[in-house]
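J.: Quick one: this structure, given as structure tokens, is what I'll be asking you about.
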Amino acid sequence: MMVFDSVAEKGDGDGASTADEKRTPKQLMCFTGISAKPMSATDLVNQVSEDVTTVRTQISLDAVVGQETRVLDLVNQVSEDVTTVRTQISLDAVVGQETRVLVLYTGGTIGMRCKDGVYCPEPAFLPRAIRDLPLLNDVDYVVTNYSDARVKPYCLPPLRHLKKRIVYWLVEYNPLLDSSDMTFDDWIRIGKDIQKAYNQYDGFVILHGTDTLSYTACALSFMFENLGKPVVITGAQVDYNNSLTNFWKIPDFEQCASVFELI
């Protein structure tokens, strides 16, 4: 059985700043066109600054010697570079205003579809269904900030008293399991999946059937010792689209979401 070690972030203990990017793993491999060499993020910024200065100098020299075509090419290139930098700055600002959550959908009634009065699991139904559901996904925000993303996330609408936007990625297990069919192997799989994605997200939500939800929660509590991020396991006794749904119409919905705002 996998057991998590403490993952609380710790300083180096020698007074070194977190901005000291000479240390791994913040080291980058930069390709010079001939070979690859290690370079810290700080050195990379300095190098880019020098490159921009060189380009500007070259533009001035080319203008003096009358190489209009060359100047135009360089101006266009600089314009593209500036646009790229501005875009990156904009994206960085957006990232700083977000809390990122990974949602693991293992199965259960919460994402089932009712056919002829019988609840049945249907692969890909839940991810498609909530994509256009305003209460669970702000389409405009996703289109504006993640238009080029290969795997588009979902984003909760702005919530009262929360400064950050909660952006989440929904991963569906295959096959979807009735919770009464959950085994030790399934618990371990959930634990390992969260372990692999731990550093990329601020929190995790597990969508689960209600029959054995408490058993899974108990097992995971022993695996996830000393975690510094919230892990929420939840389910429902009716599907999300039922007229009596408790999927989002709960009094403490915002309080529940605020767990991720604390990170």
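The backbone N, Cα and C atoms fix where each Cβ goes, glycine too.
Pasting the feature list from TrEMBL:
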{"type": "ACT_SITE", "residues": "Thr210", "note": "active site"}
{"type": "BINDING", "residues": "Ser179, Thr210, Asp211", "note": "substrate binding site"}
{"type": "COMPBIAS", "residues": "7-22", "note": "compositional bias 'Basic and acidic residues'"}
{"type": "REGION", "residues": "1-22", "note": "region 'Disordered'"}
J.: Within 8 Å of the Cβ centre of Ser179, Thr210, Asp211, which other residues of the chain have their Cβ, at the recorded substrate site?
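T.: Neighbours found: Gly108, Thr109, Asp178, Ser180, His208, Gly209, Thr212, Leu213, Gly235.
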J.: If I restrict to non-local contacts, at least six residues apart, and a C-beta distance under 8 angstroms, what lies near Ser179 (substrate binding site) in its own chain?
T.: Thr106, Gly107, Gly108, His208, Gly209, Thr210, Asp211, Thr212, Leu213, Thr216, Gly235
J.: Substrate site residues Ser179, Thr210, Asp211: biggest Cα-Cα distance, Å?
T.: 7
